[in-house]
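Peer 1: Have a look at this one.
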Amino acid sequence: MNRFKVSKFRNVEVRLSRREAWISNIQAGTAPSSGNRIKSSCSLIAFNSDRPGVLGIVPLEGQGGDKRQVAHLGCHSDLVTDLDFSPFDDFLLATGSADKTVKLWRLPAPGQAPPSGPGVVLGPEEHPVEALQFHPTADGVLVSAAGTAVKVWDAAARQPLTELVAHGDLVQSAVWSRDGALVGTACKDKQLRIFDPRAKHQASQSTQAHENSRDGQLAWTATQEHLVSTGFNQMREREVKLWDTRLFSSALASLTLDTSPRSLMPLLDPDSGLLVLAGKGESQLYCYETAPRQPALSPVNQCILENVLQGAALVPRRALAVMSCEVLRVLQLSDTAIVPVGYHVPRKTVEFHEDLFPDTAGCVPASDSHAWWTGSNQQVQKVSLDPARRPHPSFTSCLVPALEPHLGTAQPAETPVDDADPSEGFSSPPSSLTSPSTLSSTTSGIGTSLSQRSLQSLLGPSSKFRHAQGTVLHRDSHITNLKGLNLTTPGESDGFCANQLRVAVPLLSSGGQVAVLELRKPGRLPDTALPTLQNGAAVTDLAWDPFDPHRLAVAAEDARIRLWRVPPEGLEEVLTTPEAVLTGHTEKIYSLRFHPRAADVLASSSYDLTVRIWDLQAGAERLRLRGHQDQIFGMAWSPDGQQLATVCKDGRVRVYEPRNGPEPLQEGPGPEGGRGARVVWVCDGRCLLVSGFDSRSERQLLLYAAGALAGGPSAVLGLDVAPSTLLPSYDPDTGLVLLTGKGDTRVFLYELLPEAPFFLECNSFTSPDPHKGFVLLPKTECDVREVEFARCLRLRQTSLEPVAFRLPRVRKEFFQDDVFPATAVTWEPVLSAQAWLGGADGQPRMLSLQPPGMTPVSQAPREAPARRGPSSAQYLEEKSDQQKKEELLSAMVAKLGNRGGPLPQDSFERRGRGRVGEWPVRPAPPPPRRVRRLPATAPLPPSHCLVCAPRTSRPTISSGLTCCCRAPEPHPTSHSQTGRRLPGLACRSPEAPGPWASCTPVDCLVPLLSLGLAASLQLPASMWSQGCRVGGPQHGPGQALGSSSPPPSY
């Protein structure tokens, strides 16, 4: 190759698409992963959403002006780390996840039901899956990397064909060569390895790729001899290297970009040799041309993006707009949109250019997994990109059977691929994914009779509380001027506690002081010192007795539990002597939990690694639970009070039956992180919810089946990265859990289900400043008439404020019995401590929350649907302009109710041409309506005036109105003879004849504006350019009746 030969891509232009072509209103995920977070086939786009384990699916091309809707597919119980579309089947998607599995999905085609589950599941692996890719020539073969293991899978047989070994650290990338014979891997041990998986499981070649171990990625060129790697050098500068497998000791070409912590994603098009480098978290794209024969990496251009890039993918060449010379299209994934970026070669003629678009690999595989594994090297047949030679043959993989179409659904017609420029708007193949706003579309080829169950399967079930609104109540209900709060309570404590009457808040003062505030007495606290409870040691946790609202249990660092009794009228003086003191723990106590059904039963956990259960009536320890190997982060009673669950720093979740023995009944794996955790029973005691941290310090929720802890969590949901432990508050009536941490500004709301999808996200509550604590009040504190399903207390630095969570409902005059089922009476004990310790159990009494006089909404009469007539615009379109004006004028007169008799102002007019009398003194008129001010233009002749233009069918009203136009000749008839006048208006007549220089059709507009009918007449703007005398005062252009100053404009 002549090194002086000019590249045909030297003048490539980058065309950012217009905003109309963006896929907006998405919520992309930003969790760290080695994958590109977005992939595209010729029909669909899949990307990581902001919910771990959930992908967003959207059609690649839009239909006309219809907005593309994003559907969501719940794939895994943890973060999706990588994904890939089959090169042959546009609707076959493979996903890898941190839950250590690889799944294959058949995405829905038009008129078909969505998948209820994956078609193929591979694994689980020993480590999270980091990378995966389909084979480029054989159907049913893919490679995956998990930890140090790289496996080549036969997806049809659901078993690995071979495992590629010898990796010394985490494998970051695994890719196939273009002919499918070799596999290249990049590893954290800085080595670049080449494997021939059918020959041996050891690497055939290896070399040091980059000097830094951070985020190495690979991409093959059109041949199996050359590939590109990206990484970092020893100075943490980003590098790109071009390699030749025949001379593997050193790179053919190397390029150093800049110093940045962002890893590079290499997007290489083998047919054109164009390489696009995209950095996560950056806002620019680098484009280079790979020339292995020179060898060189030649810069082409750079592109500055409008949004920060979170992921990027190439669109297959078969989906490019070849007639506009689009040689490359990059899909940029940002936080809220997918932006197409097109690379075009400018050409003078609009035709197919074969030099830019050589034949490319088609969509029919050359072999299956068995033939490839036995040695077949047959290549995929190439097809032309010339639109005149389309359509190409299609292929549907047998790995995951095609979904059966629903009965009664319309079958889509074949639509040829449109080669329009994506920067001018998408208009290519019909959408292959159903969504709520496209179910009724007939142009997209999607049937209109999909069932609600099919729609829910595609979009996932939604919570009826998804539109919940959290609102801070009025300041009159706040307790303000709090001083000296203790903000250093242990992470195992909620920081404060509350019941329906009082709030207990630990103070920073020495001696373990606790302030008790009355919720029934909101307002500003005095500047003087508050009466407190003196504990004598720093407070670690505190809790109100659910059956005795005046008794408070306080745990301290001196390993003692003090029971205080607050007077019914409130704490008015300092108390130094508790009602009782419980001793027995040998280390400081950090968690207290009262029994939910038995009176006088309290559980405590301590640094001595024991959980002790106390009989408060006797003031003695009754039971002791063992088995913990490290600090106990949290504990919780089951709703029936028979079992006690704990989560420990040793990474285990345990369930005890305290009355049957001190050892755990069962245990299972807990959160990986050791920074803190909480546990709570949910779903009527069938499940356990644990909040904690993963190994990357990301806060997460783990949902367990209460009877199968050993099998691990049923679902894992990652939330965000924050230092504080999430404190769960569960409402058993609604199934909602509220989650927030000390120092957070956001409260998460989720509805929990015992089966998939397990977590249904609802609107979260966000506060302007961080809170120090957040607790849930009893259900009886909710305002049921306002559909308030939860009320909480939010502790701030200097105040305490209630937060109400309400559900928007239309018919609030009815009792919302679907939101407020009968609630358990949690303030009355079911049995005594002695009875419970003896083995007895009981059920609580249930209470209806229906206020007196309110009818349940389930029994409310159904409202008849309002009959909607044709719109005024449709009504006017059926008539001529003349008919419109006549009917509007008649309607205007009828509205005034004065068709037959004289108008009110007639009695004030002086008889005579053009003479107007004075208005009598009367109450001020109502404020004028806001009138849109139009720009003044040239005046119109009298023929355009509503007063002077002939109206043969206008009804006669009264006489007395004279023309106000300066016409060169007298009118053939006068207004007094024809009786043509507009109601409620008297016009000023010119005193001297002359050529018409101005007309005052504004006199006609003023009453029309008062009736809201002027816009329907489509009157020209020039009618606003004159003045009139209405009722005495002079009005300028664009002024309303009864006003002496211009009205405000819209």
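Numbering starts at 1 and runs along the chain as displayed.
Even glycines carry a Cβ here, placed using N, Cα and C.
What TrEMBL records for 3-64, 458-523 is domain 'DUF1899'. According to TrEMBL, the feature repeat 'WD' maps to 73-107, 582-624, 625-666. As annotated by TrEMBL, region 'Disordered' applies to 198-217, 409-448, 842-884, 896-935, 1030-1050. As annotated by TrEMBL, compositional bias 'Low complexity' applies to 427-448.
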Peer 1: Please count the residues of the repeat 'WD' (625-666) that DSSP assigns to helix (H, G, I), strand (E, B) and coil.
Peer 2: 0 helix, 18 strand, 24 coil
Peer 1: Check the repeat 'WD' (625-666) for me and report the mean pLDDT.
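Peer 2: Reported value for the repeat 'WD' (625-666) is a mean pLDDT of 92.
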Peer 1: Using a Cβ cut-off of under 8 Å, list the residues of the same chain at least 6 residues beyond the repeat 'WD' (582-624) that approach it.
Peer 2: 490, 492-493, 540-548, 553, 555-563, 630-632, 634-637, 639-641, 644, 646, 656, 658-659, 662, 826, 829-837, 841-842, 844
Peer 1: Treating G and I as helix alongside H, and B as strand alongside E, what does DSSP give for the domain 'DUF1899' (3-64) in helix, strand and coil?
Peer 2: 3 helix, 22 strand, 37 coil
Peer 1: Taking helix as H, G and I and strand as E and B in DSSP, count the residues of the repeat 'WD' (582-624) in helix, strand and coil.
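Peer 2: Counting residues per DSSP class in the repeat 'WD' (582-624), I get 0 helix, 25 strand, 18 coil.
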Peer 1: Quick check on the region 'Disordered' (198-217): DSSP residue counts for helix, strand, coil, in that order please.
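Peer 2: Tallying H, G and I as helix, E and B as strand, the rest coil: 0 helix, 5 strand, 15 coil.
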